[in-house]
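So that you can see what the record holds, here are the features copied from TrEMBL:
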type: TRANSMEM; residues: A:27-45; note: transmembrane segment
type: TRANSMEM; residues: A:83-110; note: transmembrane segment
type: DOMAIN; residues: A:87-279; note: domain 'ABC transmembrane type-1'
type: TRANSMEM; residues: A:122-143; note: transmembrane segment
type: TRANSMEM; residues: A:155-178; note: transmembrane segment
type: TRANSMEM; residues: A:199-221; note: transmembrane segment
type: TRANSMEM; residues: A:227-250; note: transmembrane segment
type: TRANSMEM; residues: A:262-284; note: transmembrane segment
Amino acid sequence: MALEATHSAGSDYVIRKPLVTPRVRRWIVSVLLAAVCCIWIYPLVWMVSASFKTNAAIFASEGLIPSEPVIDNYLRAWNEANIGAYFFNTLFVTVGSVLLVTIATAMMGYVLGRRKFLGRGFIFGLLVFTMFVPQGYTIIPVFELLSMLGLGQSLWGVMLATTGGSFVIFVLLFAGYFSQMPDELEEAAKMDGVGFVRTFWYVMLPLSKPIIVTVIVMQTLYAWNDFLLPLVVTLANPAIRTLSVGVYAFKGENFVDWGGMTAASTITIVPVVVLFLFLQRYFIDGLAGAVKG
Amino acid sequence: MPGLSLKGVTKAYGATKVIHGVDIEIDKGEFCVFVGPSGCGKSTLLRMIAGLEEISGGDVFINDQRVNEVDPSHRGVAMVFQTYALYPHMSVEQNMGFGLRMNGRPKAEVAKRVEDAAKILQIEELLDRKPRQLSGGQRQRVAIGRAIVRDPQVFLFDEPLSNLDAELRVATRLEIAKLHRQLGGATMIYVTHDQVEAMTLATKIVVLRQGIVEQVGAPMELYSNPANLFVAGFIGSPKMNFLEVSPGADGALQFKDGRSINVTGKANNIATVGVRADQLRAAPLDAAALTGEVSVVERLGDAEFVYVRTGWGQEIVVRFEGGADIPVGSEVGFNLSGRTHFFDTDGAAIDGLTVASH
């Protein structure tokens with residue numbers, strides 16, 4: 001029946017020509033995207049540009065390319081403002097929290113994604129609920145927790161507190177990914193006499209590489225850039241400040257050193273940009289995989 | 001000596017019973033095929049033997065030992081999954097040796113066993129490859145290799161050929177038959193919905209329907225003496241023709257169009273006559289037990305399957321020799337010759353009857 005229908009329609013079927021050829025269409029899309037990209041990237045370019053200007057030149061509206069580029073801002077930021085020390089604080093906090101978060105969320109996601117147990121739905125609900133609590137509300141209790149643990153004044157405390165940021169999202173990412181894995185893989189391991197923990201470690205975890213990379217990149221970005229939490233935790237102890245907090249110190253009571261601040265900011269984002277350049281393929285794959293899920 | 005036996009095995013998911021008391025004895029070295037339509041419980045049964053599915057009732061014995069609560073890896077069974085279930089990130093060699101390595105076998109022994117299995121399956125040159133670099137047939141071999149390496153008493157195959165294309169399926173079917181002989185003494189249990197696989201591979205076929213064993217027997221026994229309508233219709237290709245009959249005059253059996261056949265033997269309660277495509281012979285229209293109009297002809301080369309629409313609108317299939325060239329639309333008549341099957345109102349086969357004349 002269907003065959004007949006298409007057949008009779010074939011006689012008076014008109015081929016409609018597109019308004020623009022695919023080639024022109026690609027051009028239009030590219031130009032539009034380029035325009036959006038320019039707007040998007042402007043603040044970043046402004047920041048880098050300002051870091052090469054003197055404080056006076058920044059507000060002289062001379063355009064993005066500095067007429068007399070200076071590197072004083074960078075020297076000042078690195079030497080006087082302790083950015084060098086903050087850099088290593090941030091590195092410690094980031095690496096530590098990435099390690100902790102990746103291992104902990106993968107394990108939690110595996111159990112939540114693949115095991116059916118009493119209260120699983122409740123735990124899922126609780127996790128999702130916490131995503132709706134703004135970070136600002138939890139900072140004081142987190143600080144109190146750290147103080148009780150005796151970590152209120154140490155980098156370990158900052159690191160531990162930083163692991164909490166996107167923990168839930170990562171658990172959900174892992175849970176979603178693991179829940180899609182074919183049961184046969186686990187069953188094959190079971191037939192091979194491989195236990196629960198080792199099945200996770202040798203079979204399932206290596207297969208979740210896209211998610212692992214996503215989590216590493218996202219947690220790195222988060223830990224590197226987090227501001228509010230390290231600000232509060234390090235309030236009383238400038239020596240353990242992270243970069244984002246250190247940059248804020250350029251804002252004095254009566255005077256803001258814009259040149260120094262933008263230079264410090266640029267130093268801050270360079271590692272992250274480099275990381276992204278190297279890992280962007282995995283990062284995009286991971287997110288795409290997680291969404292396709 | 002039974003290699004494996006199931007005694008009153010049942011399976012229920014909550015209140016839904018899917019296996020209703022299955023009793024099967026499988027001798028050592030036998031190639032036993034569980035066959036049935038999808039949802040008949042054959043895979044569930046296999047997974048219960050493997051230990052991947054809990055046994056709700058009854059007992060499973062492997063080598064006369066009750067294994068209901070025994071861990072899958074300690075039952076002496078190895079399983080080949082439908083989707084192969086190879087570990088994607090490991091090489092073929094690692095895949096095959098994974099279980100042994102994880103159980104702390106010495107490296108040399110693992111290597112030796114993997115090598116031996118690879119030799120049997122002729123996949124030695126694939127050992128360094130990852131599963132994604134293999135074709136479907138090669139993956140299948142690796143999956144079988146992973147089972148061989150464990151040196152099990154019982155091999156379990158869960159529809160291992162259903163992901164292969166038609167040509168490869170036939171080739172691999174042969175390989176598995178050879179493998180069974182090569183591994184002499186290994187008991188194999190094989191699940192499939194394809195009766196051709198069952199017929200060609202099995203030394204014993206178990207036909208299942210809705211969690212009940214319909215019949216157990218050697219392939220030709222099931223083909224020649226099906227116990228009921230279901231088995232008769234399931235085993236053999238093309239499907240057996242079932243013709244409804246009613247008692248006619250003088251104990252004859254009357255078809256829906258009034259034509260009749262006579263049966264020798266006690267012919268009570270016959271509701272259906274079953275006849276295979278190759279047991280119908282062309283006959284002149286006025287002397288034929290069955291007549292109809294040819295609707296479709298399938299030419300297979302060595303044979304032609306002619307589909308004939310009877311007077312009451314049922315389509316029956318008849319086998320002709322290749323080159324018979326029956327024209328579509330022509331009126332043809334047939335007689336029942338050779339083996340004819342009779343079934344009562346409940347669908348059970350009635351033995352000891354033959355077609356006399358008509």
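The count begins at 1 with the first shown residue.
Here the Cβ of each residue, glycine as well, is placed from N, Cα and C on the backbone.
Away from its own ends, the transmembrane segment (A:155-178) comes close to residues 89, 92-94, 96-97, 100-102, 104-106, 108-110, 112-114, 124, 127-128, 130-131, 135, 138, 142-143, 146, 149, 204, 208, 210-211, 214-215, 218-219, 222-223, 226, 229-230, 233-234, 240, 242, 289-290, 293 of its chain (Cβ-Cβ under 8 Å, at least six residues beyond either end). Among the recorded stretches A:27-45, A:83-110, A:122-143, A:199-221, A:227-250, the one sharing the largest number of Cβ pairs closer than 8 Å with the transmembrane segment (A:262-284) is A:199-221.
Below 8 A, the CB atoms of the transmembrane segment (A:122-143) and the transmembrane segment (A:227-250) form 3+ pairs separated by six or more positions in the chain.
Remote same-chain partners of the transmembrane segment (A:27-45), defined as residues 6 or more beyond its termini with a Cβ less than 8 Å from a stretch Cβ, comprise 20, 64, 269. Outside the transmembrane segment (A:227-250), and at least 6 residues removed from its termini, the chain residues within Cβ reach (under 8 Å) are 77, 81-83, 85-87, 89-90, 93, 135-136, 139-140, 142-143, 146, 152-155, 157-158, 161-162, 165, 256-258, 260-261, 264-265, 267-268.
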